[in-house]
Amino acid sequence: MEQLSCKHRSSSVEAEAQLCRQTESRSTQLPRMSVMRHLFLLSITFLVYTLDSAKAYRATETLCGGELVDTLQFVCGDRGFYFSTNNGRSNRRPNRGIVDVCCFKSCDLELLETYCAKPTKNERDVSTAPATAIPPLSKQDLYHKHHHTKSSKYDIWQRKSIHRLRRGVPAIVRARQYRLLMEKAEEAEQALSHRPLTTLPITRPLRLQQASEPSHN
């Protein structure tokens, strides 16, 4: 009996030891898993941040076609823009146009502004221009010019006479004729409206004439 009780005690001790080992292994696995999860989440966030920053500040941003034209119009505004810049220093080396740069390399705001057209002379510069740039016209020149324009207009009118006849009566003349016809119709209607309803006869009736004749006799 004592041997059996010892065996039971030993088996129970071994079971307790196994339970203790299992609980210890679980307790050690939990913090390890939590640390791994934290590291994994941190690595994912860092990767997303680097990708976003690379997209925001990447140097390979390109613009082509209609997008390039729209952005140039937006940046330059009323000044206008050129597709290529010409520097007067050296004409041997041709400059690349904005299409070659922005479509195949990279494009930014500073580069776009270099292709904007420079504003021309101001109004003050135009007003201070010498008056001898446009010589004044004399009266004789004006007369000749006016006479020439008149004769040329007359020639054109003569040339177009055939076309005018083919076209028929002009619209203005047709409108005038229509207006005259309408006026005549209105006058006729007014005359009819002012006419009396009953007209008195000029001659006497026959009965009255016969009655008046014996009285005279």
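The chain as shown is numbered from 1 upward.
Including glycine, each Cβ sits where the backbone N, Cα and C put it.
According to Swiss-Prot:
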SIGNAL    1-56  signal peptide
REGION    57-83  region 'B'
DISULFID  Cys64-Cys103  disulfide bond
DISULFID  Cys76-Cys116  disulfide bond
SITE      Arg79  site 'Important for interaction with integrin'
REGION    84-96  region 'C'
SITE      Arg89  site 'Important for interaction with integrin'
SITE      Arg92  site 'Important for interaction with integrin'
SITE      Arg93  site 'Important for interaction with integrin'
REGION    97-117  region 'A'
DISULFID  Cys102-Cys107  disulfide bond
REGION    118-123  region 'D'
Candidate recorded positions Cys64, Cys76, Arg79, pick with smallest Cα gap to Cys107 (disulfide bond): Cys64
Remote residues contacting the region 'B' (57-83) - C-beta distance under 8 A, at least 6 residues beyond either end: 97-99, 102-109, 112-113, 115-119
Candidates Cys64, Cys102, Cys103 (disulfide-bonded residues) - the one closest to Cys116 (disulfide bond) by CA: Cys102
Local confidence of the region 'C' (84-96) - pLDDT mean: 53
Assigned element (helix, strand, coil) containing Cys116 (disulfide bond), judged by DSSP: strand
Those residues of the chain, 6+ apart, with a Cβ under 8 Å from that of Cys103 (disulfide bond): Thr62, Leu63, Cys64, Leu68
Disulfide-bonded residues: Cys64, Cys107 - member with fewest neighbouring CB atoms within 10 Å: Cys64
For the region 'B' (57-83), the number of residues DSSP places in helix, strand and coil: 15 helix, 1 strand, 11 coil
Least surrounded among the recorded positions, given as Cys76, Arg79, Cys102, Cys116, when other CB atoms within 10 Å are counted: Arg79
